[in-house]
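Copied over from Swiss-Prot:
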- Cys23-Cys87: disulfide bond (DISULFID)
- 1-23: region 'Framework-1' (REGION)
- 24-33: region 'Complementarity-determining-1' (REGION)
- 34-48: region 'Framework-2' (REGION)
- 49-55: region 'Complementarity-determining-2' (REGION)
- 56-87: region 'Framework-3' (REGION)
- 88-96: region 'Complementarity-determining-3' (REGION)
- 97-106: region 'Framework-4' (REGION)
Amino acid sequence: QILLTQSPAIMSASPGQKVTMTCSASSSVSYMHWYQQKSGTSPKRWIYDTSKLASGVPARFXGSGSATSYSLTITSMQAEDAATYYCQQWSSNPLTFGSGTKLEXKR
């Protein structure tokens, strides 16, 4: 199965700061998908097919990458972006998730 490694595990950002988190796959995948999860809620699909934003996701989010290296970027951090973000692949069975990047907001 394909192992997804997310980095960093935990990070913090101030309002307006650019944020980048990465997801590294142990083998090449065609696309990467990202989910956002806030405490006490179910994960929400956030970015799919590497770079497409799910409905309602703000344009400050961007996804990019190919093969084994993918990233999620927030061009200008907002307080409501604080959450845990998970990458996911289904190019190869079984479907696998990364262990998450927890993004905290600095005041």
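Backbone N, Cα and C atoms are what each Cβ position is placed from, and that goes for glycine too.
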- Item | Selection from 1-23, 24-33, 34-48, 97-106, the stretch that has most Cβ pairs under 8 A to the region 'Framework-3' (56-87) | 1-23
- Message: Which sequence-distant residues neighbour the region 'Complementarity-determining-1' (24-33)? Criterion: at least 6 residues beyond either end, Cβ under 8 Å.
- Response: 2-7, 45, 47-50, 63, 65, 67-70, 87-92
- Message: Using a Cβ cut-off under 8 Å, which residues of the same chain at least 6 positions beyond either end of the region 'Framework-1' (1-23) come close to it?
- Response: 29, 32, 34, 65, 69-79, 81, 85-89, 91-94, 96-107
- State the count of C-beta atoms found within 10 angstroms of the C-beta of Cys23 (disulfide bond), not counting that atom itself. 27
- Query: So for Cys87 (disulfide bond), how many other CB atoms are inside 10 Å of its CB?
  - Reply: 29
